[in-house]
Amino acid sequence: AGEECDCGSPANPCCDAATCKLRPGAQCADGLCCDQCRFIKKGTVCRPARGDWNDDTCTGQSADCPRNGLYG
């Protein structure tokens, strides 16, 4: 509990491996919507459409790539 990021790799520039907390100024450490310790801007495709699924896009508020669901 209390971990903000995966402290498995001391090489991660976004995460302090000793404390498992994000480094100062970092918004995220990993994830499809995280780039260079920052959230990727809203609307950026993080998982392209496949079959009956829409493109999944970043929210701008999270490092996760949410499932946007089936075509309407």
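Any Cβ shown, glycine's included, is placed from N, Cα and C.
Per Swiss-Prot, the features are:
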- Cys5-Cys20: disulfide bond (DISULFID)
- Cys7-Cys15: disulfide bond (DISULFID)
- Cys14-Cys37: disulfide bond (DISULFID)
- Cys28-Cys34: disulfide bond (DISULFID)
- Cys33-Cys58: disulfide bond (DISULFID)
- Cys46-Cys65: disulfide bond (DISULFID)
- 1-72: domain 'Disintegrin' (DOMAIN)
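Structure with Swiss-Prot features highlighted.
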residue : record         : DSSP (3 states)
Cys5    : disulfide bond : coil
Cys15   : disulfide bond : strand
Cys20   : disulfide bond : coil
Cys28   : disulfide bond : coil
Cys33   : disulfide bond : coil
Cys46   : disulfide bond : strand
Cys58   : disulfide bond : coil
Cys65   : disulfide bond : coil
| If you measure from the Cα of Cys37 (disulfide bond), which of the disulfide-bonded residues Cys15, Cys58, Cys65 is the nearest? | Cys15
| query | Among the disulfide-bonded residues Cys14, Cys15, Cys28, Cys33, which ones place their C-alpha within 10 angstroms of the C-alpha of Cys5 (disulfide bond)? | reply | Cys14, Cys15, Cys28
| Length of the line joining the Cα atoms of Cys28 (disulfide bond) and Cys14 (disulfide bond), in Å | 7
| query | Relative to the Cβ of Cys33 (disulfide bond), which residues of the same chain, six or more apart in sequence, are found under 8 Å away? | reply | Phe39, Ile40, Thr44, Cys46, Cys58, Thr59, Ser62, Ala63, Asp64, Cys65
| note | Among the disulfide-bonded residues listed as Cys7, Cys14, Cys34, the Cα nearest the Cα of Cys20 (disulfide bond) belongs to Cys7
